[in-house]
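Down below is the structure, laid out as structure tokens.
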């Protein structure tokens, strides 16, 4: 925008009147619970102020301090049962019962715990640096003598008077006293609070608005009494006592910390809330802690391995006790080498039970290598790296807004591959939330010839042409000559260019357009050079209304707190004339009222109430004499809803002076009230005037679908993901948007659950709540039962369930919600219309808790926060409605279409990688642990380890950990292109075929099999035969390293067989791990015997020169890999999983052969893999375990799309 903003001198236009009324009687709550804060303005060091104990302005977001880092971090680490177990074994390693040295046990634990603590410390240090940067910002603070001095934010105290300059952030919650504008207004940007870039208008009390000079604060003294610190960003109640008079305070005077001063040179304010008592920090509560299902299952596997560990130790101890008791018979000793005749307590036959108990503890320490010590830290590393790949995926980068995908937490990566149900908002999520005024109905006449995307989709389904409309896609000539105006896509020569004056009801059209220009809270921005007016509005809808009014001849160009100025098209002179309207009251819109009104006085002195709102609340407020155009308007609203448009009704009434006086007194009393029922009192006051309205007409704005939404939904449906849409729109609008975005398809019949029945409407006219509720609940029960019966009796057809908000109230009650969910999960698509934010959250919770399946919620606005936090994964869209959804989400994306790649590609990859990684971790530890068990049994359970102490300690940390991390980061069973082409592959995650107990136990049994082969082949091969040139046989010093070499080779080669997609890093880690073992053996053996013990020069002098060592290694490795290789070959040939089939397609180069690809899809129909379609196969009802198929529904829409079951 060019030009300089025009400085506004509001006091020359109006006299500010708000805040003068005495509030002595209304502020009875101040001083009571919740309203006890007292601020001594400009006297932060006074005696009275010193008696208050308010927080300082130092903000700390760190988890630790230098003093608490070590104890708190250690506590966090040892809360994990596995880490605590290793801590206990490390402590016991200092006792005589330890089978290995203490340092070899402690060092790996220190490395693993230390790595995690360092990660925590680095993250916390970054938070500390951010805190220091914020706390060290400078602001001008009054020093008490009429001068201001720069101080750091952290030094501010409650009561300080500060001066904030243009484009600076507010350092605390401030009470606005005055500004560079004569009338103490200022513009505030709240992007850091709610993500909205629209500027908010704030204004100080008139009594302080004259404090423009720094010197004027020398003698300024006031006392503010207000509410206690709370998290509500949009409320503030209190009073200021100045010169022995009380003045009520409202949110209009409160400037919140972290919001920014814009388009205002400076403001003065007094500090009300500081530090952690500010509203923004009170509001920044931690989101609910979420853990993935795989992580929870992993804990169960750890407990299972603990059980195996205890059983192994128990069996060994029993055997050891029995054998030890039988060791000594007189002079005869069975195990003479243990000297049972002169043994300590550990091998004393006379104290065999006690020896067995000691052996049990020793065995627990020895077999502890069954538990993977580096599992948790490895998974954390992998998940962080996976998140980086998601963040840097160029395919999910939105160039227009410069917004990449952002994984705000890495804990849930694998959950992205297991989504069963998506619950989506509509406005701003499926649509752009960029509203365009396209049609309207005035005085019962429809205007506007634009064609919506929904109308095009409907015409395509009907196979009919669009008549009586103008398709802007085809109207290229006009589009070339007339530039497009954002928010305005209205075409109708009957009322454009002032032609409305020739219409039969021109006076109604004039009132209609005037209402659009006046009834809003938008702020005009006039360019001084060009005179062009732009608008800052709280919502895209409101901006489109003001723009439409301006384009149709009613230009809103100036606003003050008490006036609205408009350049109106005069029907007599056919020129624009300036008219000012005194703005007396604004009755704001909220989700409960569903309407907004303003009360103005025109230049003729008439009092007018102008109102716009949803038809559900407006029609009941019409006067009998104001329903002249009701039937026609209803028809048009229904048509607009069918076309996917958002509609509002516009109405007005004239007020008498007596009516307004009564309302104004009650409204002021309600606004000045400082009590919990303040909002109720305000609503009661508005009811006095928002009645007996005269209907003018209806507006219709189009919220266009985001690019790629239909294709994305279609692909997700093919992947077998159920999609629910939770929206506040009318049922007809939601249904037609569903068709436009392919959520509903031809052949999919509809079950519609609604309370818009003649019986219920008749009861509502009577108005008795009891009978209405009883009849409504009975009706819902009947409709749900009929829907379930129809599903049970129908064939393989697809259905959609559509339910409205009124019905949801009853459907979500405890005794009905199970039936409702049974019906909903049997449907392909579910649309909940007219649903409130609370209902969105309740539906999400119901699906998540009752089905036990993974849910994903996606939304873009503050009204979606509850839904996002309830779901297993919350995805925020960084859209027009601000960043509150993004700030509450687990992952944020710029467009809905990126959900396809996020789930089908990254979700599948992350699920497969984490699942395979964990299974492999347990495999390699079981294989290693059971060689220890077999050797101890071989040595008659004497707790003799098969390996050197350091061999034991470094197995998990160095020789086998890096390859599994590489697999968790880089492995791909199929490419991204094939993930999208064969979207049914996603069902592997939904059905959890890669991390089922069967597969986990299978990998563990594979580990036991490998251990058996390694141990018995090595011991048999080295038994009796000469190993060295001098004829000596192999002892433990040779057998241990030989078995260990075979274990390292086998588990790393097993990894190579498991990997589907090799990278250079994986080659380095796999073969490098094996080379590292040989280098370690060489270096460790070169150390003096006091350090290397039985590994002293064992490689150079015993192993390397012996041909049998290399031959045994080769044979054992091949033999140990044959079982897995054979199993995989048979499975791939005869029982391939779905990803295996796709790998064959890629291998044979037949990915473009449609017949062959279709054959592969057909072959995938088996209970162990993935069903043929996403909608009709693999449909197991999680609540009953029975198979449900998609069928026809109670109410048929002739416009439906194709069968979801055949997608």
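These residue numbers are counts, starting from 1, taken along the chain as shown.
Glycine is no exception: its Cβ is also placed from the backbone N, Cα and C atoms.
What TrEMBL says about a protein is an automatic prediction, not a curated fact.
Keep in mind the model is a prediction, meaning the values are calculated, not measured.
Here TrEMBL flags 425 as active site, 4-aspartylphosphate intermediate. Residue density at residue 425 (active site, 4-aspartylphosphate intermediate): 30 other Cβ atoms are found within 10 A of its Cβ, drawing on all protein chains shown.
Per TrEMBL, the feature Mg(2+) binding site maps to 425, 427, 860, 864.
Summarising the annotation, TrEMBL assigns ATP binding site to 425, 426, 427, 542, 589, 612, 646, 727, 728, 729, 834, 840, 863, 864.
Summarising the annotation, TrEMBL assigns transmembrane segment to 81-99 (among others). Tertiary neighbourhood of the transmembrane segment (81-99): same-chain residues 105-106, 109, 112-113, 299, 302-303, 306, 346, 358, 361-362, 364-366, 368, 371-373, 375-376, 943-945, selected by CB-CB distance under 8 Å and a gap of 6+ residues from either end.
The transmembrane segment annotation in TrEMBL covers 105-122 (among others).
For the transmembrane segment (301-323), the list of distant contacts is 81-82, 85, 334-335, 352-353, 355-357, 359-360, 363-364, 367-368, 370-371, 918, 922, 925-926, 933, 936-937, 940-943, 1000: same-chain residues at least six beyond its ends, Cβ to Cβ under 8 Å. Annotated transmembrane segment per TrEMBL: 301-323 (among others), in sequence order.
Taken from TrEMBL, the feature transmembrane segment applies to 356-377 (among others).
If you look up TrEMBL, you'll see 921-938 (among others) marked as transmembrane segment. Long-range contacts of the transmembrane segment (921-938) within its own chain (CB-CB distance under 8 A, at least 6 residues past either end) are made by residues 301, 305, 312, 316, 319, 363, 366-367, 369-372, 375, 378, 944-947, 955-956, 960, 964, 1000, 1003-1004, 1006-1008, 1010-1012, 1014-1016, 1019, 1043, 1047, 1050-1051, 1054.
As annotated by TrEMBL, transmembrane segment applies to 950-970 (among others). Under 8 Å from some Cβ of the transmembrane segment (950-970) lie the Cβ atoms of residues 100, 104-105, 107-108, 111-112, 369, 372-374, 378-379, 381-382, 385-386, 389, 913-914, 916-917, 920-921, 924-925, 928, 1040-1041, 1044, 1047-1048, 1051-1052, 1055, 1058-1059, 1061, 1063, 1065-1066, 1069-1070, 1072-1074, 1076-1077, 1080, 1084, 1095, all in the same chain and six or more residues away from its ends.
Sequence-remote contacts of a segment are chain residues at least 6 beyond its ends whose Cβ falls under 8 Å from one of its Cβ atoms, and for the transmembrane segment (1000-1022) they are 301, 919-920, 922-931, 933-935, 938, 1033-1034, 1038-1039, 1042-1043, 1046-1047, 1050-1051, 1054, 1108, 1112, 1115-1116, 1119-1120, 1123-1124. TrEMBL lists 1000-1022 (among others) with the feature transmembrane segment.
Per TrEMBL, the feature transmembrane segment maps to 1042-1061 (among others). Beyond the ends of the transmembrane segment (1042-1061), by six or more residues, the same chain brings 916, 920, 923-924, 927-928, 931, 935, 946-947, 951, 955, 959-960, 963-964, 967, 970-974, 1006, 1010, 1014-1015, 1018, 1022, 1034, 1070-1071, 1073-1074, 1077, 1103, 1109, 1112-1113, 1116-1117, 1120-1121, 1124-1125, 1128, 1143 to within a C-beta distance below 8 angstroms of the stretch.
Long-range contacts of the transmembrane segment (1068-1087) within the same chain, counting only residues at least 6 positions beyond its ends with a Cβ under 8 Å from a Cβ of the stretch, are 950, 954, 958-960, 962-963, 965-966, 1041, 1044-1045, 1048-1049, 1052, 1055-1056, 1095-1100, 1103. What TrEMBL lists as transmembrane segment is 1068-1087 (among others).
Nonlocal intrachain contacts for the transmembrane segment (1107-1127), taken as residues 6+ away from its ends with a CB within less than 8 angstroms of a stretch CB, comprise 1006, 1009-1010, 1013-1014, 1017-1018, 1021-1022, 1025, 1027, 1038, 1042, 1045-1046, 1049-1050, 1053-1054, 1057. Sequence annotations record features per position, and here TrEMBL assigns transmembrane segment to 1107-1127 (among others).
Remote same-chain residues near the transmembrane segment (356-377) are listed as 80, 82-83, 85-86, 89, 92-93, 97-100, 105, 108-109, 112, 115-116, 298, 302, 305-306, 308-310, 312-314, 316-318, 320-321, 324, 345-346, 918, 921-922, 924-926, 928-929, 932-933, 936, 941, 943, 945, 952, 955-957, 961 (criterion: CB distance under 8 Å, separation of at least six residues from the stretch ends). With a threshold of 8 Å between CB atoms, the same-chain residues lying at least 6 positions outside the transmembrane segment (105-122) that come near it are 63-64, 69, 73-74, 76-77, 83, 86-87, 89-90, 93, 98, 365, 373-374, 376-377, 380, 953-954, 956-957. Here the Cβ of residue 728 (ATP binding site) has 23 other Cβ atoms within 10 Å, regardless of which shown protein chain they belong to. Of the recorded residues, residue 864 (Mg(2+) binding site) and residue 834 (ATP binding site) place their C-alpha atoms 14 Å from one another.
Among the residues the record lists as binding ATP, namely 425, 426, 427, 542, 589, 612, 646, 727, 728, 729, 834, 840, 863, 864, the two farthest apart have Cα atoms separated by 25 Å. Every protein chain shown contributes to the tally, and the Cβ of residue 864 (Mg(2+) binding site) ends up with 32 other Cβ atoms within 10 Å.
Only 728, from the binding-site residues 589, 728, 863, place their Cα within 10 Å of the Cα belonging to residue 427 (Mg(2+) binding site).
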